[in-house]
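A.B. asks: Heads up, here are the entries from TrEMBL:
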DOMAIN    256-389  domain 'O-antigen ligase-related'
TRANSMEM  12-37  transmembrane segment
TRANSMEM  57-75  transmembrane segment
TRANSMEM  107-130  transmembrane segment
TRANSMEM  136-153  transmembrane segment
TRANSMEM  165-183  transmembrane segment
TRANSMEM  218-239  transmembrane segment
TRANSMEM  246-264  transmembrane segment
TRANSMEM  293-311  transmembrane segment
TRANSMEM  374-397  transmembrane segment
TRANSMEM  418-437  transmembrane segment
Amino acid sequence: MVTLTLLAQFAILYVLIVFVWRLPILFRLLLGLIITWPTLGLYGELPLPAGIPDLNFQRGYVAVLVLGYFMSVVLEKRQSAKSPIDQTEAPRDVGVPHFYQDVSPTFPIWVAAYVGLKAVSVVNGLVFGTGGSTSITGYIETTLIAVVAYFLVKRFVDSRERLMWLLGAIILSALIILGTGVYERVLNLDESIFPVSAHNEAGNTRTMDVPGGRAAGVIGNSAVFGGLMGMSLLATLCIGVNAKKTWLKISLGCIAMILAYGVFVCFTRSAWLSVAIALGFSQFYFNGLWKLTVPIGFVVTFALLIVWGSLAKSDVVQGRLLNQETVTGRVERFVWSWQRFLERPIIGRGPGSLNKLMQAEYSEDGFDTSHNTYMTMMVDNGGLVFICFWGVVFGWLSKAKSILLLQDRKSIFFTSAAFERSVVAAMVGCITIYLLAGMSLEISYFSYYTVMFWIAGAVIERMVGATGTTSEKTALEGTASADR
């Protein structure tokens, strides 16, 4: 299984790089990273001398992307200097609908502040706190790589075609992850066949508190596994409701049901709750999808109410939904962590500090992690980083609001506002899943999950450009009329 998975990943990379010639090479590489990171990231690692973060698959891959991007910028400037291009000529990829927004990517002030203050926090941890080489590694994995992906998505996803490629890559990656998780469940393995010990302090031991164990696969954590399935489910619905061909609608409907099964078999409350909330919100923006899902939801709810008396007695429900011990334990750790935050509220103690303090305090209880991303952020990085993080989030949500409130209309590039609304609703749903999961899980260690969160924000910013301003539309419509 492992060998087949690795071969499939390399085959996907080869096809993307060699045959998908319509797309820029750097964008093809970005798609390849999204698809192959969860698997190849577990195997491709080059140890470096002590004190220097090891070079793994994703760090080396992103370094190549960044180097390639800067080389392309230099070459473009040299070519434009030799032969200036008329700025009035048609955009690239003639015939492909382009977004209104300028393709030049920018960093909003909140993003720049967040990246800079997290760097200050790392230095603070190295000099005054409990940080070490792991602090640098964490900063590279969960901040720099995520922001690079955000930057590249804003740079290259400038047409509907490229957006479809991006969403397709996310869906394909999720299906591969789902396959690894289901495979382990089918075989009822006590140990994961993948080297996921980097994500799991118990080594490769699987969580077996339900029959067959919780699905995690190459991700190594069932809650993150379920969250990624939910994100991909939203992307699938987004494409499906806007598909024109019947066979494509049917295919995407089948994929959506498969991904919904993936959410279920993670057997994690945070994933179930966050995905349910995101789907409940998004369905009303998915081009009339609510007319199908609301009746189904009523039927399912009614059926659950009928069988709840017997269902509540099952071991799975008792262990996963009605277990109060884990809830009270997390509340207790939250209060204790808040007290640690108040001791150094500005720039924090340095990355990794809260877990080290908590392990010393609660090691005998076997509940020695914070299980709260935001409390970890506040204690480790300080209140300033926490404020900047939410500044980034609310910036995305405020931009998304302008599209979600659009009324149906004809557009130069799209048949109606329905496409724009559904894409943004899916991305808001992805952000919601990530944020809700962070309330009951420390997800900053799972860099791939964080990258998906930042990609969703980048797509929202791009789609805001797709709507354009009134003056821009008037000018473009006038140009189009003159051409006709």
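Using the three backbone atoms N, Cα and C, a Cβ is placed for every residue, glycine included.
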A.B. asks: Are there at least 3 C-beta pairs under 8 angstroms linking the transmembrane segment (374-397) and the transmembrane segment (57-75), leaving out pairs fewer than 6 apart in sequence?
C.D. replies: no
A.B. asks: Mean pLDDT for the domain 'O-antigen ligase-related' (256-389), as a whole number?
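C.D. replies: Taking every residue in the domain 'O-antigen ligase-related' (256-389) and averaging pLDDT yields 78.
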A.B. asks: Are the transmembrane segment (218-239) and the transmembrane segment (136-153) close, by which I mean at least 3 Cβ pairs under 8 Å that are 6+ residues apart in sequence?
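C.D. replies: The answer is no, given that the two segments have fewer than 3 Cβ pairs within the 8 Å cut-off.
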A.B. asks: With pairs 6 or more apart in sequence, are the transmembrane segment (107-130) and the transmembrane segment (136-153) linked by at least 3 Cβ pairs under 8 Å?
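C.D. replies: Contact between the transmembrane segment (107-130) and the transmembrane segment (136-153): present.
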A.B. asks: Can you work out which residues elsewhere in the same chain, 6+ from the ends of the transmembrane segment (12-37), have a Cβ less than 8 Å from its Cβ atoms?
C.D. replies: 57-58, 61-62, 64-65, 68-69, 72, 93, 149, 152-153, 156-157, 161-162, 165-166, 169-170, 172-173, 176, 448, 451, 455
